[in-house]
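Enquirer: Okay, these came from Swiss-Prot:
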| type | residues | note |
| --- | --- | --- |
| BINDING | Thr65, Pro66, Ala67, Gly68, Glu69, Gly70, Lys71, Ser72 | ATP binding site |
Amino acid sequence: MKTDIEIAQSIELKPIVDVVEKLGISYDDLELYGKYKAKLSFDKIRAVESNPVGKLILVTAINPTPAGEGKSTLTIGLADALNKIGKKTMIAIREPSLGPVMGIKGGAAGGGYAQVLPMEDINLHFTGDMHAITTANNALSALIDNHLHQGNELGIDQRRILWKRVVDLNDRALRHVTVGLGGPLNGIPREDGFDITVASEIMAILCLATDIEDLKRRLANIVIGYRYDRTPVSVGDLQVEGALALILKDAIKPNLVQTIYGTPAFVHGGPFANIAHGCNSVLATTTALHLADYTVTEAGFGADLGAEKFLDIKTPNLPTSPDAVVIVATLRALKMNGGVAKDALTEENVEAVRAGFANLKRHVENIRKFGIPAVVAINEFVSDTEAEIAALKELCALIDVPVELASVWADGVEGGVELAETVVKTIAENPANYKRLYDNDLSVQEKIEKIVTEIYRGSKVNFEKKAQTQIAQVVQNGWDKLPICMAKTQYSFSDNPNALGAPENFEITIRELVPKLGAGFIVALTGDVMTMPGLPKRPAALNMDVESDGTVLGLF
């Protein structure tokens, strides 16, 4: 089997103008970035707003192994297969962060014969959106420090500045830094730090904004810190939301590319799901819904994180809710959740599959709580055995959830046809009746407790003293009616990454609350979730190179 990049480089791409023609998009509607990438103009986005709204399919997963379970691959393969069976389909997914690409992932544009192309560009600098977000974020940092240096008219307490700088890399050395050193000419010394770009609130804002005016409104609402009297300071107080929106004026437009089989795809925005809401842009998803009969999108990590946030935070900003949720499961992840060590996941172990099924079952139950039908997709690996597959299908039948084997990684579009047919049938026979998990009018504590007890199945929430103080501050400032965005490990329902499977009777500790008023939610931090990742012992970057003719090597 060829590597992902070898497969990608063997495909003859169509000009993006030709790919999107079937959607009613013309050359004049596009802002081209070479022959194979483009942004869609705002004029076209506005023109299609009166079109009917298509069906929405959300792809999520069980709690993953560190390598991931092929959610993006299944999303792409399912969309290709839907087109294959005659359904006019688009994809709306996130764009990769360069840090994890150079770190552990090595690429994040699908895999095998289910990829979005040109994968080298998508995984590297693409259309420059990440750089625009990084620049806007750091421009705000520079403007804050300049305000301090020039007399601090707003009375900002430099000890209570929340806003951090960002870079689109995994760089643990930058987590805690001191800026403003070197004497009076170099500013006011203060503690600072760097997050990875996809953890920036500006990324979340870009993915939730509906147009330039909404973007400016959200940017103005960002809380950058507090004054000496403990009152909040916003970007609007600094009067720089216009400048930040100017930096982002092109980044807000959705990017268009294609799959190996010519399915049009929006690849736009990419907040992490363990520290932000983990979904691609509202603008891309909404536009896809107006252009196609079926839109396939995804939410980061497992359904306890990405899907819950998609349904509680993103869906209220969309013209429709998901008609079906596809839960991606792999036998290796089920075995890991069933107690098998990482180095033994390729060995047949039917009992571990049965034990790990408790994890999948809980995710299915959770999706049904939102009133949406679920379909299980088994992402096939070469190490899977017939006995393991049969056991999983038998267990799915016991809870009356449709299940299909998908081999889109190895077999491309043909490997997803049965899944596509099952999803279409499920949507036709089981109309969704979407309902949110909680009402925003509940208190902050009640909303967090609802997520912990209903989705994670924990028994209790503990609030550290710092979090209790911050809840009082949130209430005092009138922010308590915002939804909650949980920051939690992706590997477990609990806040302990080692508690795999379907743990019960556990307690979750909230250590900190961070207001993200621009994004429109409150982040509740649990455990040791990092907003700036580090590199592994052997980064994927060690295998990367470029030849003299520009051919990229080592992405996978």
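Note that the numbers count up from 1, one per residue, in the order the chain is shown.
Positions of Cβ are set from backbone N, Cα and C atoms, glycine also.
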Enquirer: Which chain neighbours of the ATP site, leaving out Thr65, Pro66, Ala67, Gly68, Glu69, Gly70, Lys71, Ser72, have a Cβ atom within 8 Å of the mean position of the site's Cβ atoms?
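Expert: For the ATP site, the extra neighbours are Ala61, Pro64, Thr330, Ala333.
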Enquirer: In sequence order, what residues of the same chain, 6+ apart, have a Cβ less than 8 Å from the Cβ of Pro66 (ATP binding site)?
Expert: Ile104, Lys342, Tyr491
Enquirer: Just to confirm: which same-chain residues, 6+ apart in sequence, have a Cβ under 8 Å from the Cβ of Gly70 (ATP binding site)?
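Expert: In sequence order, Gly111, Val328, Thr330, Asn379, Trp409 meet the Cβ cut-off.
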